[in-house]
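Reviewing the structure listed below.
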Amino acid sequence: MRDRTQCVAVPTQAFNEILDQDGQLTAYAQRLEQLRERGSHRVALLRGELARIRQDQVLGMPEKRVQVAAHRLKISEAQAVARQCKTEETQLVRKAVARVRGLFRDFDCSVRDAMREQRLLLKQVATVQHTSASSDQREHCLAQLRQCKEARHHAYRSLVEKSAALRNGKMTFIERVVRALREYSFNFDATQFFLANGLYIAIAVFFIACIVVAPFSGNGNLLTIPNILTILEQSSVRMFYAVGVAGIILLAGTDLSIGRMVAMGSVVTGIILHPGQNIVTFFGLGPWDFTPVPMAVRVVMSLAVSVALCVSFSLFAGFFSARLKIHPFISTLATQLIIYGVLFFGTSGTPVGSIDPYIKDLFGGRWILGTMQGTLVTFPKLIIPATIAVAIAWFIWNKTILGKNMYAVGGNAEAANVSGISVFGVTMSVFAMAAVFYGFGAFFETFKANASAGTGQGYELDAIASCVVGGISFNGGIGKLEGAVVGVIIFTGLTYCLTFLGIDTNLQFVFKGLIIIAAVALDSVKYLKRR
């Protein structure tokens, strides 16, 4: 009868020792090496030498041609030997691989027997009264189970590696897939998985439920191309705000002035692009009429002024945070109030009116793609600039020195300063970069609705929430830009789905609040676990 407990203490390399000590397997491997020495191995060696000869800059062309011809002849001879040995080699490989698998089955069976025994012991320990000795025995059983699990994992890895070596380095597709699955299963941690993906799983279930319920609500099918494109269109402009504030959150900060900056840029854009004389005055100045100015100049002017104003106010807030160490929550709150007061008092809250219809269609219109099942399908133009903005931001985050420094400063500002990184410079750069995205977003916001001092109300909360849901930590130094993008789409899709199903607008805030608190709670748990 097999001694089961002996297998429990087998080290993780025990199966390798079994393979090395098996005489029959060693004989197979030696014979295969002999067959390949003058065949496939020699072909590979000669091809390597041939490549070096061709790249040699010292050899003259006549000498190089002679050596190339000689090596080609040797390669042909080695290939002929390999073909002669092919049948015997194939049979040996089949027998050797079968031998390895047989040894693995025996080893795996013995380890599984030991694991069953340890599980039985654990059950017995659980039934007895809790004492110090029983606690020690339980820990011992758990340690033995972990050791057995590692032994099985390393044994299977050795099985695949040995089989590939016997096949001269070749691995079957099935072996690759099974090995990947077993590696994932071995390293899988349910707690970490649900901490990282639990919120997304819950949101995915919610969206699936909405898709299933929608036809029964009498509102039609939710999962259609026009609806998806509408969600992406509504996400496009808000993508600028989330991408901008994401950098500030990465520095363990926040920005409460987004909505007011959007209003400021939108009002300026609306005034400049309005057809004819505008009714809006600013501190008694105006009204203005920019129609004599060429349209291209007006577009560039409105965009430049929107970006310049946003950058100015953002740098104002950033200076107090970077130089005086005032938390961005306070500095951006002050900026928000300043912009709101100046803008509302200066314009009396008067809407700027519509903008030139040609420009509105040029930037904010749609391209007609055709019809699908009797429904006209159009592609929103706003998706294009949003995609470009995300691509530029991704490049800055991942491919530039500023991006690397953002993670360093966000993770530990003091350590970054000691290592020679200018914390002040990085902070100011991030605030300026965020403002550029706000300015562009405010410019495109004008094409959605008439701008006024109240435009953008609450946008900062949606942008910040999108970043948090996307995995950008408030603790700083953790997160990816892609997360902010996904967060924007999730929140926009959530609002669209609830509206599509006829859910009251006020009740939608409840769903948003639950998602935000869940995201922040999971982020806090992950942060505490890392500490």
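Just so you know, glycine gets a Cβ as well, placed from its N, Cα and C.
Listed ranges 141-161, 267-287; the one Swiss-Prot annotates as transmembrane segment is 267-287. Counted over residue pairs separated by six or more positions, the transmembrane segment (505-525) shares fewer than 3 Cβ pairs under 8 angstroms with the transmembrane segment (239-259), which leaves the two as not touching. Scored by C-beta pairs under 8 angstroms, the transmembrane segment (424-444) has its highest count with 300-320, from the stretches 267-287, 300-320, 326-346. Here the transmembrane segment (300-320) does not lie next to the transmembrane segment (461-481) in space: the count of CB pairs under 8 Å, restricted to residues six or more apart, is fewer than 3. Sequence-distant contacts of the transmembrane segment (461-481), counting only residues of its own chain at least 6 positions beyond either end whose CB sits under 8 Å from a CB of the stretch, comprise 199, 238, 241-246, 249-255, 258, 390, 393-394, 397-398, 407-412, 487-488, 490-491, 512, 515-516, 519-520, 523, 526-527.
The stretch in 267-287, 326-346, 376-396, 483-503 that contributes the largest number of Cβ pairs under 8 Å to the transmembrane segment (239-259) is 326-346. Panel annotation: around the transmembrane segment (326-346), residues 248, 251, 253-257, 259-261, 263-264, 267, 282-283, 313-314, 316-318, 320, 453-454, 460 of the same chain, lying at least six beyond its termini, place a Cβ under 8 Å from a Cβ of the stretch.
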